[in-house]
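According to TrEMBL, the feature (6S)-NADPHX binding site maps to 58-62, 124-130, ASP153, ALA253, GLY307, HIS355, ASP423. The annotation K(+) binding site is assigned in TrEMBL to ASN59, ASP120, SER156. If you look up TrEMBL, you'll see LYS392, GLY393, SER394, THR395, THR396, GLY422 marked as AMP binding site. Taken from TrEMBL, the feature domain 'YjeF N-terminal' applies to 10-210. Summarising the annotation, TrEMBL assigns domain 'YjeF C-terminal' to 218-477.
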Amino acid sequence: MRTAYRVETVRTAERALMARLPEGTLMARAAAGLAAACADLLRGGRSRRVVLLVGSGDNGGDALYAGARLARRGAGVTAVLLSPDRAHPGGLAALRAAGGRVAAPDEAAAALARADLVVDGITGIGGRGGLRPEAAELARLVHAAGTPVVAVDLPSGVDPDTGEVRGEAVRAALTVTFGTHKPGLLVDPAAEHAGEVRLVDIGLGPELPATPDLTALEPADVAALLPRPTGESDKYRRGVIGIAAGSPRYPGAAVLAVGGALHGGAGAVRYAGPADAAVIARYPETLVSTGLPHQAGRVQAWVVGPGIGDDPQARERVADVLDADVPVLVDADGLRGLDPDRIRARTAPTVLTPHAGEAAALLGTARDRVEAARLTAVRELAERFGAVALLKGSTTLVADPAGGPVRVNPTGTPWLATAGSGDVLSGLIGALLATGLTPLDAASTGAYLHGLAGSHAPTPPSASTVTEALPAVWRALLDHRTP
Ligand SMILES: NC(=O)C1=CN([C@@H]2O[C@H](COP(=O)(O)OP(=O)(O)OC[C@H]3O[C@@H](n4cnc5c(N)ncnc54)[C@H](O)[C@@H]3O)[C@@H](O)[C@H]2O)[C@@H](O)CC1
Ligand SMILES: Nc1ncnc2c1ncn2[C@@H]1O[C@H](COP(=O)(O)OP(=O)(O)O)[C@@H](O)[C@H]1O
Ligand SMILES: [K+]
């Protein structure tokens, strides 16, 4: 499991570690890791000119010490100091001693024009709010120059804790981060600015608390969670998932949700609703019925919402499913006007899977506010509804109403933004719920599989080809656990 910790926690851990080590040890470890990453990128380049963007904090200090190491290896290093009188004195002395030169911000454009690599040491975990004008101007210059950027700890201008980006921020090809990931490195829009992220061990691990603020499943975690039939299994013991999706107007949503459900490891899929003919034509293995969901027979979990429309019959189907004493996933049309008290009053767990627009409606806010502050939004949804909330989009996040770390989904591709792919996801997560995974595990495992399937499907994928890619993705993950 990949983990990320908030700034406050990182600072506490760093203080504890620093108290046990000679002064300067941590910065030396950070600078060594940073310099090695820069040297990797420079390898093979004929000229090796490096520009350091140096703010007045320790982030700038890391850049200066790394610059000194690069200068000693023969690189031409120029440091652009944002506040010359406040730059890290030890770092500056080290750079000068190694033959590096120093430039003022007004010389930045000329230096950048000749650079092979830019090291962004403007702000790290001490960055607050949007970049100040002079720093923002530097970020703009770097972007215009198009030179590859290595960000120190975090791309400057992003919020380390929330992933928010206010105004101009540095866009890095690589971010070299120290001790632990920070939430902003994993959550958009900040994550998009970070590029590839490399973690340098500075010995912080033992000082960090057991519960992180953010986690991301890795292949081995998913492999361990995936349900596998055993000798004693039969189709009912493996779990039955019920799908209440589709309408005469949108039969395709029912077909896609059932398709996702058939690839979620359950023993059987029941479908209840008016799209029975379309479902059975595409998936004859489905147990179809046309009445209300509670008349369809026993299930271990329900999915309700994709393509059900917004008429009284649709509301009746949602209410019927919410009355069931089994886990329920509510998606798409099912989320319209959803009453938090009704969800909180349920006896079994609920999972909500909105995209940003649906989440905004549920929270009574604007879509762009959800997109700008995804972590805050997903936590608020989980808390308000007493449900596991999965916020879809550029980074999919899953929050548990009990609190604890938010899970960020590491797989996926923007190609998944294609009509109906959300319907596949809801069926898939529903089936995982029916097999007995906890709502948090089902939602995050489903998002993981769905994201991988989106990347493995032929480009450009459609919702149907994403569904068809799921078995290969399962296979690869199950094999992962086999030594
Ligand atoms: N504390 C430690 O033990 C270690 C810290 N390290 C480095 O130290 C960094 C943290 O250093 P600091 O606490 O000095 O903080 P930073 O260097 O991240 O940022 C603080 C400086 O940036 C300026 N600043 C803040 N917000 C700004 C904005 N919006 N626009 C422009 N300038 C802004 C502040 O005036 C201050 O001078 C980490 O990110 C990491 O790079 C590493 O050396 C590893 C060890
Ligand atoms: N920019 C993006 N990058 C990665 N995945 C995305 C992006 N935008 C959307 N997705 C994913 O695509 C799927 C779209 O689902 P949804 O919005 O419900 O669409 P639909 O209702 O058409 O099925 C979700 O899994 C979502 O996380
Ligand atoms: K930085």
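Along the chain as shown, residues are numbered 1 onward.
Cβ coordinates are placed from backbone N, Cα and C, and glycine is handled just like the others.
Mapped onto this structure are the features recorded in TrEMBL.
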{"residue": "ASN59", "record": "K(+) binding site", "Cβ within 10 Å": "26"}
{"residue": "GLY61", "record": "(6S)-NADPHX binding site", "Cβ within 10 Å": "26"}
{"residue": "ASP120", "record": "K(+) binding site", "Cβ within 10 Å": "32"}
{"residue": "ILE125", "record": "(6S)-NADPHX binding site", "Cβ within 10 Å": "23"}
{"residue": "ARG128", "record": "(6S)-NADPHX binding site", "Cβ within 10 Å": "10"}
{"residue": "ASP153", "record": "(6S)-NADPHX binding site", "Cβ within 10 Å": "28"}
{"residue": "SER156", "record": "K(+) binding site", "Cβ within 10 Å": "28"}
{"residue": "LYS392", "record": "AMP binding site", "Cβ within 10 Å": "25"}
{"residue": "SER394", "record": "AMP binding site", "Cβ within 10 Å": "16"}
{"residue": "THR396", "record": "AMP binding site", "Cβ within 10 Å": "28"}
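In sequence order, LEU391, LYS392, GLY393, GLY422 are the residues of the chain that are 6 or more apart from HIS355 ((6S)-NADPHX binding site) and have a CB within less than 8 Å of its CB. Long-range Cβ proximity for THR395 (AMP binding site), meaning a same-chain Cβ under 8 A and a gap of 6 or more residues, is found for GLY163, LEU186, VAL187, ASP188, ALA191, ARG374, VAL408, ASN409. Comparing GLY61 ((6S)-NADPHX binding site) with THR396 (AMP binding site), their Cα atoms are 34 Å apart once rounded. Among the binding-site residues HIS355, GLY393, SER394, GLY422, not one has its Cβ under 6 Å from an atom of ligand 1.
Between the binding-site residues GLY393, GLY422, GLY422 has the most other Cβ atoms inside 10 Å of its own Cβ, all protein chains included. All protein chains shown were included, and the count of other CB atoms within 10 Å of the CB of ASP58 ((6S)-NADPHX binding site) stands at 20. Here ILE125 ((6S)-NADPHX binding site) is positioned 9 angstrom away from SER156 (K(+) binding site), judged by their C-alpha atoms. A helical conformation is recorded for ASN59 (K(+) binding site) in the three-state DSSP classification. Nearest Cα neighbour of ILE125 ((6S)-NADPHX binding site) among the listed binding-site residues (ASN59, SER394, THR396): ASN59.
Selection of the binding-site residues LYS392, GLY393, SER394, THR395, THR396 by a Cβ distance under 6 Å from ligand 3 yields an empty set. Proximity to ligand 2 (Cβ under 6 Å from any of its atoms) holds for these binding-site residues out of ASP153, HIS355, THR396, GLY422: HIS355, THR396, GLY422. Here the Cα atom of ASP58 ((6S)-NADPHX binding site) is found 12 Å from that of ASP120 (K(+) binding site). Separation of the C-alpha atoms of SER394 (AMP binding site) and ARG128 ((6S)-NADPHX binding site): 24 Å, rounded to the nearest whole number.
Listed in chain order, the extra residues whose Cβ falls within 8 Å of the Cβ center of the AMP site residues LYS392, GLY393, SER394, THR395, THR396, GLY422 are HIS355, ALA356, LEU391, LEU397, ASN409, GLY412, LEU416. Other than the site residues ASN59, ASP120, SER156, same-chain residues with C-beta atoms no more than 8 angstroms from the centre of those residues' C-beta atoms, the K(+) site, are LEU53, GLY55, GLY60, ALA63, GLY121, ILE122, THR123, GLY124, GLY127, ALA151, VAL152, ASP153, LEU154, PRO155, VAL170.
DSSP assigns THR395 (AMP binding site) to coil in the three-state reduction, outside any helix or strand.
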